[in-house]
Ligand code: HPA
Ligand SMILES: [Zn+2]
């Protein structure tokens, strides 16, 4: 089964590129940039990956990215991930990035965009992968700051496949960002948002009603609200589910307790994703294998999930057709 899951052309719709920073690269970049890390070794960093919840992870996540200083660093970060993903059969990656986390450290948007853009072109040329870019706003920071970031990104609007909403969810409902997302809509930029990871089902409703998102990142808590589940099904909204992330951040206790089978039974459109693979114990293939081991899903189920990701990805029609064909051949 692992061989089959590796061969399956996998499309990743939910990845934070800063969350793909492996401890080895963290140390290499720290050395290159003269940044002091509060860890003595790679092993010590890994040992710190014992999270109680989303905020306790975010603390480490924001600290880890302090080693990213120059365009070259963002390039190396993304290429490091694209190579790993490619090796496990990922053919398309949609990456969130967090400009505010870098601006707060004095790293300009131009630096981030230059590095990521270079890596995207390289991934296409050398690995035959396609990629998409999602500029995420930090929901635990003020909405007017997000608006300023959106406006200052004007030179890059055309390069953004979507804007997103991430960081600490509780106490920061989507409604806080209504105006920012309205502005993005006016600019013709598609919208996605994290909702219903730690936050209540109402946050998912707000993301749909007020932010007009085309898909929901995580969304697993929708199951607490049967009317919402019916709506997600009727409107064919895709949830980008991240099983290993949900275990590591204690959204669920064990993978066997994950609500993925119920979500599937409810007729929802689902995809499997890695979220922050360096921090959550595995990439796309590990997430697929974990689902197989926990739920005993058939090949057909995985083909269905991989197909949904292809259908919902930000990519050209030609690329979509090519990947649907690859998927049919892998079956
Ligand atoms: O898993 C996550 N959830 C919310 N925000 C995030 N930012 C990076 N990773 C995450
Ligand atoms: Zn996420």
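Positions of Cβ are set from backbone N, Cα and C atoms, glycine also.
Remember, it's a predicted structure, so these values are computed and weren't measured experimentally.
So that you can see what the record holds, here are the features copied from TrEMBL:
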type     : residues         : note
ACT_SITE : 197              : active site, proton donor
BINDING  : 14, 16, 194, 275 : Zn(2+) binding site
BINDING  : 276              : substrate binding site
DOMAIN   : 9-328            : domain 'Adenosine deaminase'
SITE     : 218              : site 'Important for catalytic activity'
Sorted by position, what residues of the same chain at least six away from residue 16 (Zn(2+) binding site) have a C-beta under 8 A from it?
61, 95, 96, 97, 98, 136, 166, 275, 276
Name them in sequence order: residues not among 14, 16, 194, 275 whose Cβ is within 8 Å of the mean position of the Cβ atoms defining the Zn(2+) site.
15, 19, 96, 166, 217, 218, 240, 242, 245, 273, 276
What number of additional C-beta atoms lies within 10 angstroms of the C-beta atom of residue 275 (Zn(2+) binding site)?
29
Fewest other Cβ atoms within 10 Å: which of the recorded positions 197, 276 wins that one? Let me know.
197
Among 14, 16, 218, 275, 276, the recorded positions whose C-beta sits under 6 Å from ligand 1:
16, 275, 276
For a quick check of packing: other C-beta atoms within 10 Å of the C-beta of residue 194 (Zn(2+) binding site), how many?
30
Any idea what the model's mean pLDDT is for the domain 'Adenosine deaminase' (9-328)?
98
Who sits close to residue 14 (Zn(2+) binding site): which same-chain residues at least 6 apart have their Cβ under 8 Å from its Cβ?
94, 96, 217, 218, 240, 242, 271, 273, 274, 275
